[in-house]
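> Mind looking over this structure? Questions follow.
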Amino acid sequence: MQFFLPTSNRWRPPAVPLKEPPSELTQVHRPIPMKEGKNVSCAPEKPIRHSALHNVNDVVAVGPESFYATNDYYFTDFIMRIVEMFIGLRWTNVVYYSPGDVRQVATGFYSANGIAMSSDKKFIYVADVTGHTVNILEKHEDWSLSPVKVVQLDCLLDNLFVDPATGDVWTGAHPNGFKLLIYNTEDVPGSEIIRIQNIHSDHPTVTTVYANNGSVIQASTVAAVYDNKLLMGTIFHRALYCEL
Ligand SMILES: [Ca+2]
């Protein structure tokens, strides 16, 4: 059984406020029409708040009310977040949450962001945006995590998606982080979609499946695949659908 726990998916406060957020932002949350003609939408059922969940970026559900969450900053104060980012502190973490049991299970990330579970459910993958890494952690019976290996990439990776059919790890990445901090309609942020095959092997295959300078789609953050079809999500723009 799979569980889905939607987050607010809010845009993290940038170092410099956006000049002019693109109007397409409001389109992101439109319901997706299904084949039968019905619409699907997500409504919050039960908000969860906890002091350990202070800067949640992403979650992966492991039960009806339990999940792992990434905090992408250590500090909650805006100025201190900027200091944290520029000094390069590695204090962000992964928290395990269930009713009555909330604890840090991994730390040492510059900015823990996307989180996903392997298709065999034995491992947790954590994207470190500014560390440019995918961190593989083994999941134990008591829900603790232990580090297994780190895959170094060459991009600012964001959210993670695991193809249930192949176990491949997909991510949306940002070619230029500065363009995210200061949005300029004359020089928009680009998009990259990265696929990692055989991530547990000694030689994972890292492929840039899609790259664009922002003329088609801006600031990709996530990619999901199904039956040779690719759907990209972004910070600023509409989703993009591609046939592989
Ligand atoms: Ca994210």
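Backbone N, Cα and C define each Cβ position, glycine as well.
Keep in mind it's a predicted model, so treat the numbers as computed, not measured.
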> If I go by TrEMBL, which of ASN93, ASN113, ASN184, ASN198 binds Ca(2+) at the same site as ASN57, ASP58, ASP158, ASN159?
ASN113
> Of these recorded positions, ASN57, ASN113, ASN159, ASN213, which scores lowest on Cβ atoms within 10 Å?
ASN213
> Other than ASN57, ASP58, ASN113, ASP158, ASN159 themselves, what residues in this chain have Cβ atoms within 8 Å of the centroid of the Ca(2+) site's Cβ atoms?
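Counting only non-site residues, the set is THR70, ASP72, GLY114, ILE115, ALA127, VAL129, LEU160, THR221, VAL222.
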> Quick check: of the binding-site residues listed here (ASN113, ASP158, ASN159), which one has the Cα closest to that of ASN213 (N-linked glycosylation site)?
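With Cα distances computed to ASN213 (N-linked glycosylation site), the winner among ASN113, ASP158, ASN159 is ASP158.
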